[in-house]
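Lifted from TrEMBL, the feature list:
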type     : residues                                       : note
ACT_SITE : GLU175                                         : active site
ACT_SITE : HIS251                                         : active site
ACT_SITE : CYS372                                         : active site, nucleophile
BINDING  : 20-29, ASN111, 138-139, ARG215, ASP253, ASN366 : substrate binding site
Amino acid sequence: MRTAREYNFDGLVGPSHNYAGLSFGNVASFSNVRSASNPRQAALQGLAKMRALSARGFAQAVMPPQARPNLRLLRRIGFSGTDADVLAKAMREAPVILACAYSAAPMWTANAATVSPSSDTQDGRVHFTPANLNNKLHRSEEYVQATRTLRAVFGDSSRFVVHDALPPVPAFGDEGAANHTRFAAAHGAAGVEFFVYGRAEFDPSVPFPRKYPARQTLEASQAVARLHGLDPARTVFASQNPDVIDQGVFHNDVIAVGNGNVLFYHEQAFADEAGTLDALRAALDSVGSELLPVRVAGGQVPVADAVASYLFNSQLLSKPDGRMALVVPHECRENDAVARYLAGMVAAGGPINELLEFDLRQSMRNGGGPACLRLRVVLTEEEAAAMHGNVIMTEALHAQLSGWVEKHYRDRIEPKDLADPQLALECTTALEELERILGLPGLYDLS
Ligand SMILES: N=C(N)NCCC[C@H](NC(=O)CCC(=O)O)C(=O)O
């Protein structure tokens, strides 16, 4: 077995972080629509988490934000003139589409791509498929920059493959790693890849939600597994429980998280709980490991509390002693049922014996918790050394990026500010400097 580490690539919050209520089915996004945001605080909160986890010895990296506003989108739908004209007209005639062009959503890098480490793939390379996120207009063009960013950092084609995103149509709705988990005895060991889908385009027998959209399809999950050259014996597909999607669980990572041989999940997460666990057990058995389910019952934590606190949108991190730490947002302490559950879990002597808690309120208000904010990339030492750019979090990079945020970011954005041409200029200036800090020239197409 090769030794490898799990790098968590956290999304750096961009300079125009805002709340636009764009995600139908995501309760937090909808309830904070059009409230004022604080981009500076949002970015510093994210950086504080990255710094703390890096200081604890976890492999931590940063994923740059995407360029905003997306003027190409606005011009393609008929807004013309100078950039300032385009913004003013869009604000007048289509303010929601202007908000889409300014969406903060690329910060949730769990949705950037699905990643398979080299120990799982047929050709022994690390495979990435950028997610097309085609269920929501404001996320549907993220794959363009996500592909560009991943190809910039993982450009060594002898070790990495960054595929094109799947065709951007409903049949291939793909939300990336938010609906994907990997289990393995150790990060460098052969693993089991677990894909959870919300509906199937071509199989009417698969249950689907009635109220909110199912964003991930079975067909998309299967396509990603095929592209990555995964071994079918070590790949499990499971149907998400449509009832929980209708209660605000828009991604599987809002109701389950896995790491190592542990699956921490709510009893209502899957359409067929027993069948899903059996399939995972059999697959893990084939790699000489044993599934360790940590099941939370509805009587302990109702689904509504899981959604409000983001208990399961936590990071489950392996510590050197073999135990795991759970990275949770403050909201978990503020919810009585969840706080009680967590205190009991840590005291019980199970696999998860530590809580690391962070203030991520600026992200949480848009429906993004600790797990949404990071993309997991398992890399051997050689693969890590082959990455391009200055993206590994260190004290020095943290200081540099915090200074950059203080210099360029506003501390308040209201919906009306999206029409301010000055904001667009500030975003461009900030990203030009970021390319230099991260040592990734040409990362953005800022023309
Ligand atoms: N669960 C994971 N992995 N990611 C969370 C993504 C939150 C994101 N919110 C938004 O896109 C809200 C943007 C706004 O309303 O301004 C979404 O719904 O896609």
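For all residues, glycine too, the Cβ spot is worked out from N, Cα and C.
On the structure: features taken from TrEMBL.
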{"residue": "LEU22", "record": "substrate binding site", "Cβ contacts under 8 Å, 6 or more apart": "SER29, VAL96, ALA99, CYS100, SER103, ALA105, LYS136, LEU137, HIS138"}
{"residue": "PHE24", "record": "substrate binding site", "Cβ contacts under 8 Å, 6 or more apart": "PHE30, LYS136, TYR212, PRO213"}
{"residue": "ASN26", "record": "substrate binding site", "Cβ contacts under 8 Å, 6 or more apart": "GLY248, PHE250, ASN366, GLY367"}
{"residue": "ALA28", "record": "substrate binding site", "Cβ contacts under 8 Å, 6 or more apart": "MET364, ARG365, ASN366, GLY367"}
{"residue": "ASN111", "record": "substrate binding site", "Cβ contacts under 8 Å, 6 or more apart": "ALA105, ALA131, LEU133, ARG139, GLU142, GLU175, GLY176, ALA177, ALA178, HIS251, CYS372"}
{"residue": "ASP253", "record": "substrate binding site", "Cβ contacts under 8 Å, 6 or more apart": "ALA110, ALA177, ALA178, ASN179, PHE312, ASN313, ALA371, CYS372"}
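Applying an 8 A CB threshold to same-chain residues 6+ apart, the list for ALA20 (substrate binding site) reads VAL33, ARG34, VAL96, ALA99, CYS100, TYR102, SER103, ALA104, HIS138, PRO415. In the vicinity of ligand 1, defined as a Cβ distance under 6 Å, the following of the recorded positions ALA20, PHE24, ALA28, GLU175, HIS251 are placed: ALA20, HIS251. Between the candidate recorded positions, ARG139, HIS251, the densest Cβ environment within 10 Å is the one around HIS251.
DSSP assigns GLU175 (active site) to coil in the three-state reduction, outside any helix or strand. Secondary structure at ARG139 (substrate binding site), taken from DSSP and collapsed to helix, strand or coil, is helix. Following the DSSP three-state reduction, the secondary structure of ALA28 (substrate binding site) is helix. Residue with the densest Cβ environment among the active-site residues GLU175, CYS372: GLU175, by other Cβ atoms within 10 Å.
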